[in-house]
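**Q** Just lifted these from TrEMBL, have a look:
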- 1-18: signal peptide (SIGNAL)
- 49-163: domain 'DOMON' (DOMAIN)
- 175-370: domain 'Cytochrome b561' (DOMAIN)
- 211-229: transmembrane segment (TRANSMEM)
- 241-262: transmembrane segment (TRANSMEM)
- 282-299: transmembrane segment (TRANSMEM)
- 311-331: transmembrane segment (TRANSMEM)
- 346-370: transmembrane segment (TRANSMEM)
Amino acid sequence: MASFSLTLATLFIATVLALSPSLAAAATCTSQTFTNNKLYSFCNDLPALNSYLHWAYDPAQSTLSIAFIAPPAKPNGWISWAINPTGTGMVGSQALIAFKDSKGKMTVKTYNVSSYGPLTESKVWYEVKESSAEFLGGVMRLLATIVLPEKGKSTVNHVWQVGPSVTGGVPDKHEFQPGNLNSKGGLDLLRGQSTGGTGGDSRTKKRNIHGILNVVSWGLLFPIGIIIARYLRVFPSADPLWFYLHIFCQVSAYAIGVAGWGTGLKLGSQSKGVQYTVHRNIGIALFSLATVQIFALFLRPKKDHKYRFYWNIYHHGIGYAILVLGIINVFKGLDILKPESKWRHAYIIVIAVLGGIALLLEAFTWMIVLRRKKSSSSTKPYGGFNNGL
């Protein structure tokens with residue numbers, strides 16, 4: 001048994017170490033608020049540079065109010081949102097750029113990006129009615145209201161960018177990583193849709209991976225492992241198979257859960273200024289409790305050991321805490337991701353089925369236990385004699 005536990009622990013450590021280099025709470029624009037309590041009709045999580053766009057469009061007046069949110073490449077860098085009336089890339093774009101001026105105050109300036117050379121402040125294709133910017137929590141926010149010269153125009157090509165520095169009041173060139181090169185797309189002002197390049201740092205894909213890993217680990221494998229341990233052990237013929245199945249489910253769930261926790265940390269580090277405190281705190285608690293639970297493999301005393309009773313309290317208590325917190329956090333995650341309702345319904349059905357199976361097995365188990373107690377008491381000697389013999 002000791003060699004088996006050691007082998008499992010070795011495999012587990014190897015798995016975690018293999019996963020950890022590529023891992024590090026998910027964020028969406030719907031959770032963001034503004035200091036002036038301004039509301040926008042639409043918002044999109046843009047597919048590159050960890051950025052977000054909020055907007056409201058009045059076609060009758062041809063006015064467009066926007067709030068572009070992104071972390072600059074460096075603290076003294078800049079962020080930019082632009083419309084390109086003639087193309088789909090940077091050249092020809094009419095840009096709003098926010099950065100700190102020489103006095104350290106946030107400012108917004110306009111640039112007609114006519115080439116890849118140095119920028120020069122200039123008038124742009126649209127009229128800027130008002131603009132402002134702020135820098136809070138490592139994230140810059142560019143807010144503006146503009147008037148489009150073409151009334152009734154409901155789709156535009158937009159470009160967004162972040163840069164590392166500003167020299168002499170002029171934004172320096174940005175990097176040329178995949179995210180920088182894919183920060184462009186189409187914007188439907190009336191339907192609330194944005195299309196664009198799918199850069200390697202697409203947060204939608206990362207959020208989905210994070211969600212799937214955690215549903216499989218905390219939301220499915222851990223409950224199944226607990227059901228196996230609680231109900232299969234009643235049957236003598238299932239020993240020690242139930243133990244191996246239980247260990248397999250829980251160690252697998254922990255390894256996958258660590259991967260999910262790591263992707264959550266990575267998403268959180270890329271989403272400065274946007275936090276899901278409850279979801280994050282439950283995730284940290286789950287990781288901590290599950291890590292302590294894994295040590296049960298090394299601390300498990302023999303059945304007749306005097307400390308086995310206390311070990312059972314520790315092991316079962318933490319296990320049920322993980323079960324409850326895991327399911328709660330899965331629903332917290334679904335509230336954040338807002339997938340199609342069929343996925344939430346599917347998970348509810350799966351959990352309901354597992355719960356129903358557990359209730360049936362609970363009743364069946366108690367029937368077996370009571371029957372065994374009755375059988376054992378009927379065979380005990382009465383008054384020191386066995387049926388008078």
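Backbone N, Cα and C define each Cβ position, glycine as well.
Please go over these features one by one and say how buried each is and what sits next to it.
**A** Here the transmembrane segment (282-299) has Cβ contacts under 8 Å with residues 5, 8-9, 12, 25, 214, 218, 247, 250-251, 253-254, 257-258, 261, 264, 311, 314-315, 318-319, 321-322, 325-326, 328-329, 332 of the same chain, all six or more residues outside its ends.
A Cβ distance under 8 Å defines the sequence-distant neighbours of the transmembrane segment (311-331), meaning residues of its chain 6+ beyond its ends; these are 214-215, 217-219, 222-223, 226, 279, 282-283, 285-286, 289-290, 292-293, 296, 299-301, 347, 351.
Listed as Cβ neighbours of the transmembrane segment (346-370) (distance under 8 Å, sequence separation of 6 or more from its ends, same chain) are residues 215, 219-220, 223-224, 227, 230-231, 234, 327, 330, 334.
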**Q** Tally of helix, strand and coil residues over the domain 'DOMON' (49-163) according to DSSP?
**A** 0 helix, 66 strand, 49 coil
